[in-house]
Structures are given as structure tokens and as C-alpha cells.
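Trainee: One structure coming up, written as C-alpha cells, with questions to follow.
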Amino acid sequence: MAAINKEDLKCELSDFKKDKKIIQFDVKPKIGYVYSPNLIQQCNRVPNLTQRASLVHHLLESYGLLEHVVFLTCDKVDDDVMRGFHSSDYLDFLKGDVGVEDESSEEYGLGYDCPPLENLYDFIAVIAGGSVAGAKALVSGSVDVAVNFCGGWHHAQRDSASGFCYVNDCVLAILELETKFKRVLYIDLDIHHGDGVENAFVYSRKVFTLSLHKYEEGYFPGTGAVQDVGLGQGRNYSCNVPLRDGACDETFIHVFQTVLREVMARFRPEAIVCQCGADGLANDPLGTFNLTPDAYARCAAVIQGYGLPSLYLGGGGYHKANASRCFTTILAALLGEKLSTDIPEHDYFDWYGPSFELNVSKGLRRDENSPEYIRILLQQVLGNLELIASERLGP
């Protein structure tokens with residue numbers, strides 16, 4: 001894994017650090033890792049991502065990274081937590097005996113990409129419990145950073161499942177963070193637009209949503225144009241950064257750092273949630289970007305440099321072994337640990353052939369994000385951010 005150059009981050013953080021109210025990590029941050037056998041077991045059931053949770057956990061373990069974290073236990077969330085976002089009708093339906101032939105299934109988004117699963121309500125209660133547990137640890141101050149790679153299901157809507165997502169754990173975690181933190185920044189690095197989270201807070205000024213993703217006609221979920229900036233009181237508190245096919249590390253990191261610096265300066269969040277969907281990696285079956293895990297690690301390092309309570313979640317990543325590589329690289333970056341390129345032998349070692357290396361090489365796909373496209377895109381995005389009513393937020 002390429003080492004993160006801390007000097008490269010200084011200019012990104014200097015303006016933000018001038019605010020004396022911001023608490024920086026004077027020592028290594030205490031990092032919590034959300035874990036329970038049941039969480040791994042349930043996350044292994046996610047359609048199109050079966051067994052990925054086990055791959056991730058065992059790779060983290062094989063590298064010894066879990067020796068440097070605080071384990072955060074988790075359990076199912078109760079109805080009251082779930083109803084903080086999801087509708088009673090949707091939740092009550094999931095509690096029933098849901099079948100493929102049920103006429104109401106389609107109404108609630110259960111079908112092709114979200115097939116009915118056995119014990120569906122217990123499944124979503126456990127999945128949500130992981131991210132809420134991470135948020136609770138940040139609220140209590142028991143950790144500085146929390147990680148739950150079994151979370152990040154950002155497409156689920158208030159009253160329907162969507163895009164392999166049956167529950168929006170991102171939203172539920174943000175709601176938990178709001179019990180302590182006045183302003184929460186949600187960052188979405190998945191190649192698919194974080195539509196469910198944006199929709200949940202589209203009228204809010206207390207949650208700012210920032211999503212970097214692919215946006216073109218016919219590409220799921222079909223939302224996230226640069227002109228989509230929020231509604232009502234929340235206008236200008238949603239930021240969408242649509243990228244074209246072939247986005248490489250250099251393009252992605254440049255855009256991310258440029259936009260995040262402005263968001264931090266204007267919104268001044270007190271906590272951050274970052275969805276690290278790994279389907280932007282080169283050669284992902286459902287993605288068209290050309291990223292390597294180093295891009296995600298650099299983004300995580302930039303976020304960590306602001307010294308705010310932060311929750312890192314998983315998400316997409318449909319080449320399961322590569323997603324596991326990516327999440328491992330992210331946690332190593334957060335911990336400041338350097339990893340060997342050679343993957344250690346462990347129970348899932350065979351999944352990483354034929355290279356058996358941690359690196360994911362970029363592919364041959366051309367980067368369609370020309371310098372002119374990026375210039376115009378950033379001009380539009382930064383122009384939108386200038387309209388944030390920072391004076392009404394206070395210091």
C-alpha cells in the first residue's frame with residue numbers, strides 16, 4: 001500500500017484548523033471496529049454480496065489490524081429506532097411472511113435487486129444495529145473513529161427497498177449522531193449516487209450530503225445531477241459531483257479534496273459519516289471507474305486529518321475480493337499501519353488468486369473526465385457551495 005503523504009494534506013486542513021473550537025487528535029485516535037458474529041452472518045446474506053463480510057473480516061484479522069482497534073459490540077435495533085426513518089407500513093410489511101408472489105412486494109421495492117429474504121425484519125434490524133452502534137460509540141466519546149464495513153446501504157428509501165439495500169443504516173446512524181452533534185456531514189464515495197440518504201435530509205440544514213458518483217442516463221439510480229442541491233430550507237446543503245467513466249485516482253482525489261475543503265470551510269460539521277462503497281475500483285462488475293484502493297485510503301486520510309468524530313461504512317463493491325482489499329487498505333490508513341503487499345495465508349486465501357497481493361491495479365479504461373470537464377464541473381460545484389448560508393449556522 002502506498003504511504004499517505006501527510007505533507008500533501010496540510011494545505012487541505014489549514015483553513016479548517018484555524019477554528020479554535022475544532023478538536024484535533026493530538027495522539028493516535030481511538031478507532032472502534034463494529035463486530036458481532038451475527039452481524040457478519042446477516043451481512044453475508046446481502047444479495048450479490050454473499051460471503052463478502054466474512055472475506056473482509058478475515059482479511060483484516062490476517063493482517064493483524066484488529067489488534068489495534070476497540071471492538072464495538074452490536075445488536076438488533078428496536079422498532080423505535082427503525083421508525084426514526086422508515087415508515088410503519090414498510091416495517092410492518094417486512095415483519096410478515098414476505099414472498100415473491102406477494103402483490104405488495106413490488107410496492108415496497110422487493111423484487112429483482114432486493115428479493116425477499118427469510119426473516120427479513122431480523123436481517124435489517126441487525127444490519128442497522130451495526131451502524132447505530134458505531135454512531136453511539138462516537139456520541140458517548142468511547143472512540144474517536146468508528147468503522148463498520150457491514151454498513152453503508154445508502155439506496156434504501158423511507159418506504160421501500162432499493163439497489164440491494166433493505167434498510168438505510170446510514171440515515172439511522174446520522175439520526176443517532178444528531179442527538180449530540182449539531183451538524184453532520186455525510187460523504188458518499190460509492191460509484192452509485194447516495195440517493196436514499198440525500199432524500200432523507202433533502203430539506204435539512206443540519207445534515208450536508210456530499211456524493212461523488214457516476215451520473216448518466218440509464219445508470220442506477222439515475223439521480224445526482226450537479227444541479228440537485230437540496231430543497232426548501234435544505235437548498236444548497238446537498239452537493240452532487242457527477243464523474244464520467246474511467247475516473248482514475250488522480251482525478252478522484254483532486255476533485256474530492258477540492259470540494260471537501262470548501263464544504264468543511266462553509267458547513268463546519270461536528271461529525272462525519274463516510275460511505276466507502278468500493279464499486280469504483282477498476283474492473284468492478286457494476287462499476288465503470290478506474291480507481292485503486294489508494295484513492296479510498298487518501299480520501300479517508302484527508303477526512304481523518306480534520307480530527308472530527310467519524311464513522312466509516314462499507315457499501316458497494318461487487319468484486320468481493322477487491323472490495324475486501326479496499327476496506328483493509330482504508331482501515332490500515334486510518335490506523336497508520338503499513339501493510340505487506342503479500343496477502344497472509346488464512347481461511348479465505350484462495351479468493352485472492354492469482355496474484356495473492358493486496359494491490360488492485362488500475363485497468364486500461366480511458367479516463368473520460370477531461371481537464372476541461374473537471375474545470376467546468378468544479379466551477380459549478382464550488383459556485384453552488386458559495387450559496388450556503390453559513391452566516392445562519394453560526395461559528
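Sequential numbering from 1, following the chain as shown.
Just so you know, glycine gets a Cβ as well, placed from its N, Cα and C.
Annotated active site, proton acceptor per TrEMBL: H155, in sequence order. Per TrEMBL, substrate binding site is recorded for D113, G163, Y318. Taken from TrEMBL, the feature divalent metal cation binding site applies to D190, H192, D279. Taken from TrEMBL, the feature domain 'Histone deacetylase' covers 50-334.
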Trainee: Using Cα-Cα distances with a 10 Å cut-off, which of the recorded positions D113, H155, Y318 are near H192 (divalent metal cation binding site)?
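Mentor: So far as Cα distances go, the recorded positions lying within 10 Å of H192 (divalent metal cation binding site) are H155.
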Trainee: If you count Cβ atoms within 10 Å of the Cβ of Y318 (substrate binding site), leaving out that atom itself, what do you get?
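Mentor: There are 18 such Cβ atoms around Y318 (substrate binding site).
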Trainee: Within 8 Å of the Cβ centre of D190, H192, D279, which other residues of the chain have their Cβ, at the recorded divalent metal cation site?
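Mentor: Same chain, not in D190, H192, D279, Cβ within 8 Å: I191, H213, G277, G280, L286, G287, G315, G316, G317.
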Trainee: Are there recorded positions among D113, H155, Y318 that sit within 10 Å of D279 (divalent metal cation binding site), Cα to Cα? If so, list them; otherwise say none.
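Mentor: So the list reads Y318.
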Trainee: Below 8 Å Cβ to Cβ and six or more residues apart, same chain only. Which residues does that give for the residue listed as 'active site, proton acceptor'?
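Mentor: Sequence-distant Cβ neighbours: S162, G163, F164, C165, N168, H192, G194, D195, G196, P221.
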Trainee: So which one is it: of the binding-site residues D113, D190, D279, which has the fewest other Cβ atoms within 10 Å?
Mentor: D113
Trainee: Near G163 (substrate binding site), how many other Cβ atoms are within 10 Å of its Cβ?
Mentor: 24
Trainee: Over all shown protein chains, what is the count of other CB atoms within 10 A of the CB belonging to H192 (divalent metal cation binding site)?
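Mentor: That number is 27.
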Trainee: Other residues with Cβ within 8 Å of the Cβ centroid of D113, G163, Y318 at the substrate site?
Mentor: P47, N48, H155, F164, C165, H192, F220, L286, G316
Trainee: Whole-number Å distance between the CA of D190 (divalent metal cation binding site) and the CA of D113 (substrate binding site)?
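Mentor: The Cα atom of D190 (divalent metal cation binding site) is 17 Å away from the Cα atom of D113 (substrate binding site).
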